[in-house]
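According to Swiss-Prot:
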ACT_SITE  HIS208  active site, proton donor/acceptor
BINDING   GLY57, CYS58, THR59, GLY60, LYS61, MET62, GLY149, THR150, THR151, SER172, PRO173, GLN174, MET175  NAD(+) binding site
BINDING   GLY217, THR218  (S)-2,3,4,5-tetrahydrodipicolinate binding site
TRANSIT   1-32  transit peptide
Amino acid sequence: MLSLRPPCTLSPAPWRRRRTLHGAAGTPQRVSVAAPSAIVEAVSPPARFSFPILVNGCTGKMGLSVAEAVTSSGLHLVPISFSSRDTLDRTVRVGHTDVRIYGPSAREDVLSSVIDEFPDVVVVDYTAPDSVNANAELYCKLGLPFVMGTTGGDRQLLYKSVQDSNNYALISPQMGKQVVAFLAAMEIMAEQFPGAFSGYHLEVLESHQAGKLDISGTAKAVIACFEKLGVSYDMNRMVKIRDPEQQLEMVGVPEEHIEGHAFHLYHLTSPDDSVSFEFQHNVCGRSIYAEGSVDAAMFLHRKVRSNDSKRIYDMIDVLREGSMR
């Protein structure tokens, strides 16, 4: 049993303290994204929110969750998405909408068709870490505003691509509303009290479903705050758990959420082990991220419509503007 507490601590393992989170193409081609076979949810959204969203990554669990959140919010889900493989004649059902999946070789032509029919479309990306930069470069080339919910990739190159193209983008390692608020508080503390934890020892443990290949972007963001607070940390020391058995027995993830969870623990100890601090945020399911992603798309759409001078945003910008539903 892994414990991040000092040996003298007799209280239960930190992950066990609370167990209340049991909730819930081939050849490039021109296409019509308003084909009769694509039936959109018959919900009338408020006029100010009536705009189309294309979710890239509907074949994945996170992308599918976002697509479902789009339709349940009364927004127009563009019935187009993409796969990393050239798979023909495949569709994914989202509510009453059949989303057609295209392979990578068709991306540019299909997206150009989408822009022709929906000039105000916003893309929400939940693909794979190794697709982040190529996707972002294409969105920027076509002038497509996008929300990058996919973590990983070369983040510096990602920001540079957006800056060089002057495109609109919202990039965040974390889309969960309340977790975003926690991150904002951590950043404020780091800015206001630099060096406050100088000399402290930090241990970090994160657990996600086995399908998550990269290290938690949220954990990286929190660690960056601790480093500003004076803590030295080697990312190679982070405990990354992806084994379901360990997640059940050691971390305490509810069995029904093994395939979709995000548990994080940060434990700080003073040089003499006499003082300790612990920060923990655990999420079961994907709804918190899906809803936040829709909020992000709404926010970015408003910025594009108002021709805002700022072009790159994050979820803290959304939070500060009070754009969370």
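Heads up, the Cβ atoms here are built off N, Cα and C, so glycines get one too.
Secondary structure from DSSP puts THR151 (NAD(+) binding site) in coil. Using Cα positions, the member of the recorded positions HIS208, GLY217, THR218 nearest to THR151 (NAD(+) binding site) is identified as GLY217. In this structure the C-alpha atoms belonging to LYS61 (NAD(+) binding site) and HIS208 (active site, proton donor/acceptor) are separated by 13 Å. Between THR218 ((S)-2,3,4,5-tetrahydrodipicolinate binding site) and GLY57 (NAD(+) binding site), the C-alpha separation comes to 20 Å. With the fewest other Cβ atoms inside 10 Å of its Cβ, the least crowded of the recorded positions LYS61, HIS208 in this structure is LYS61. For the pair GLY57 (NAD(+) binding site) and GLY217 ((S)-2,3,4,5-tetrahydrodipicolinate binding site), the C-alpha distance works out to 18 angstrom. Most buried of the binding-site residues GLY57, GLY149, PRO173, GLY217, judged by other Cβ atoms within 10 Å, is GLY149. Contacts of MET175 (NAD(+) binding site) defined by a Cβ separation under 8 A and a same-chain sequence distance of 6+ are given as GLY149, ILE288, TYR289, ALA290, GLY292, SER293, ALA296, MET315, in order along the sequence.
For THR59 (NAD(+) binding site), the same-chain residues that are 6 or more apart in sequence and have a Cβ closer than 8 Å to its Cβ are SER81, SER83, VAL92, ILE101. Ranked by Cβ neighbours within 10 A across all protein chains shown, the binding-site residues THR151, THR218 are led by THR218.
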